[in-house]
Amino acid sequence: MSQGSRGSYRDLQLAAVAASRSGLFKSTVELQLPSRVRERVCVEMSCSGPEQQSSNDWTPLSWTTKPIKQEVVYDDKEGLKNALVKLQRLPSLVTPQEIVNLKNCLRNVALGKAFVLQGGDCAELFDYCNQEMIEAKIKLILQMSLVLIWGANKPVVRIARIAGQFAKPRSSTTETIDGVTMPSFRGDNINGFEADPVSRTPDPSRLVSAYFHSAATLNYIRAALSSGLADLHSPLDWGLGHVITPSIKEQYERIVSRVTDSLRFMKTVGLDTARGIETVDIYTSHEGLMLEYEQSLTRYYRAPQDSAPKSYHATAGNASSTTQPSSGHYATSAHFLWIGDRTRQLTGAHVEFFRGLSNPIGIKISPTMEPDELVELLNIVNPSKEIGKVTLISRYGASKIASYLPAHIKAVQSSGHLPVWQCDPMHGNTLTTPSGLKTRHFKDILSELRQALEIHRAQGSFLGGMHLELTGEPVTECVGGGAGLTEDGLGERYTTFCDPRLNEKQSLELAFLVAGFYRDRMAEEGDLNPM
């Protein structure tokens, strides 16, 4: 769509919303709007009313007045309209209460009282929606979190890149394969991976398919957790799958033995070991790239009139998991969404959409981010400086983190914002082998994490967590680690459709090494818990 026609649509969109709010029309059909306008306005009318428009003129529709990066252009306009109307009528995938619970947890992370582990596939496929693959990822996250709790001596907040991490930004909208130029693969929710121009054409029905695959994945996660999958009474039942390195197996079993001894002691002295340890919360997340999809699943929640107001700024105490949600707009496609490094323009559509959400949100930051720009971005998306509302996900690369992270930390500290600082040691360390495969070196991933911990410590800050691309499958995509995978072995089981992931063995090894960093630090400070 040209900028000229896009501008005329914006005028119609805004006029239509104003008309609907004034009560002149009851439906977008009555307004006689073009389909692309109507599909967006109908979503806006369903989730916003006059009393729900923010004082700064934000609505779930206001992003359409801004320039957008990574836009997907659909030839099937009618199909897109039908898909978006369908989505805005479907139930929320997550609830405002769950979102607020996560926000409270992240507040504690920002205050240095907890650690967040976020991980999952680079890009989910619809085929990943099966019991075996879902369980493998969840069990791996549970295992890693147990190791990190032991190492850091802190609660761990678990966030999975799952149940919605389909879309991926691309550097080019097209690619040429065997002499045929076709659209790039943008993710299963947009087009097909098969190298065929028809398959690669954006298909709006995939947006609805993405919803139902997300719902099925989330439903199974909820069912598995409520059925005792995460019960700390039997962490050995999580299994070590493909982890065959003897040292890792021995370390993990030693931790499990200590947990079991602690539970036995609690039972002996009469403490209730059933409550709070039979299950855990695992929150869902994905990059909020497809704004049409996110807008369609954004819901306005009106807090009950007799609900007590809350403050995130009163004390540094523990956040209550029973805090009631406040009135506001919640993106209900996931508990946590983040803005990618390619879509974080200050005046862009993605920042405009994210600034109105009540969810906790993430922002990827890289060497291209200026310190002043980072502060300005925080002021836009979090003007009230709510503690832990924003997670800054740094992705510099092992060779660059020391040059950029200190200045970013200092700028944020001077601004008065208190975000969660999270290290993504994956994206800045990607390289291409002579054979054309993308990979990452385990030593670079570990190095960036180690440097992040040391830099935050030197700056009087907290590294609140790590953000990893990983899988519970025995893939061969990242080189190195205890098993000594080399570039020659990458082809053995290289199955990613996007970026390379850590396999189960490498992921658990990384968790032990990070836990070791924390235990070494506590030993230096004389605060090491022998458990």
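All positions are counted from 1 along the displayed chain.
Quick reminder: no glycine exception, Cβ is built from N, Cα and C everywhere.
TrEMBL lists Cys122, His427, Glu469, Asp499 with the feature Mn(2+) binding site. According to TrEMBL, the phosphoenolpyruvate binding site annotation covers Arg161, Lys364, Arg395.
Structure coloured by features recorded in TrEMBL.
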| residue | record | DSSP class |
| --- | --- | --- |
| Cys122 | Mn(2+) binding site | coil |
| Arg161 | phosphoenolpyruvate binding site | strand |
| Lys364 | phosphoenolpyruvate binding site | strand |
| Arg395 | phosphoenolpyruvate binding site | coil |
| His427 | Mn(2+) binding site | helix |
| Glu469 | Mn(2+) binding site | strand |
| Asp499 | Mn(2+) binding site | coil |
Binding-site residues (Arg161, Lys364, His427), the one with most neighbouring Cβ atoms at 10 Å: Arg161
Nearest recorded site to Arg395 (phosphoenolpyruvate binding site) by CA-CA distance, among binding-site residues Cys122, His427, Glu469, Asp499: His427
Residue from Cys122, His427, Glu469, Asp499 whose C-alpha is spatially nearest that of Lys364 (phosphoenolpyruvate binding site), among the binding-site residues: His427
Whole-number Å value for how far Arg161 (phosphoenolpyruvate binding site) lies from His427 (Mn(2+) binding site) (Cα to Cα): 15
Glu469, Asp499 as binding-site residues, winner by CB count within 10 A: Glu469
Arg161 (phosphoenolpyruvate binding site) versus Cys122 (Mn(2+) binding site) - Cα distance in angstrom: 8
Nearest-integer angstrom distance between the alpha carbons (Cα) of Glu469 (Mn(2+) binding site) and Arg161 (phosphoenolpyruvate binding site): 8
Between Asp499 (Mn(2+) binding site) and Arg161 (phosphoenolpyruvate binding site): CA-CA distance (Å): 14
Output field, Mn(2+) shell: CB within 8 Å of site CB centroid, site Cys122, His427, Glu469, Asp499 dropped: Met426, Thr430, Cys498, Pro500, Arg501
Shell list (phosphoenolpyruvate; ref centroid = CB of Arg161, Lys364, Arg395; cutoff 8 A): Glu287, Trp338, Gly340, Asp341, Gly362, Ile393, Asp424, Met426, His427, His467
Site with most surrounding Cβ atoms, counting all protein chains shown within 10 Å, from the binding-site residues Cys122, Arg395: Arg395
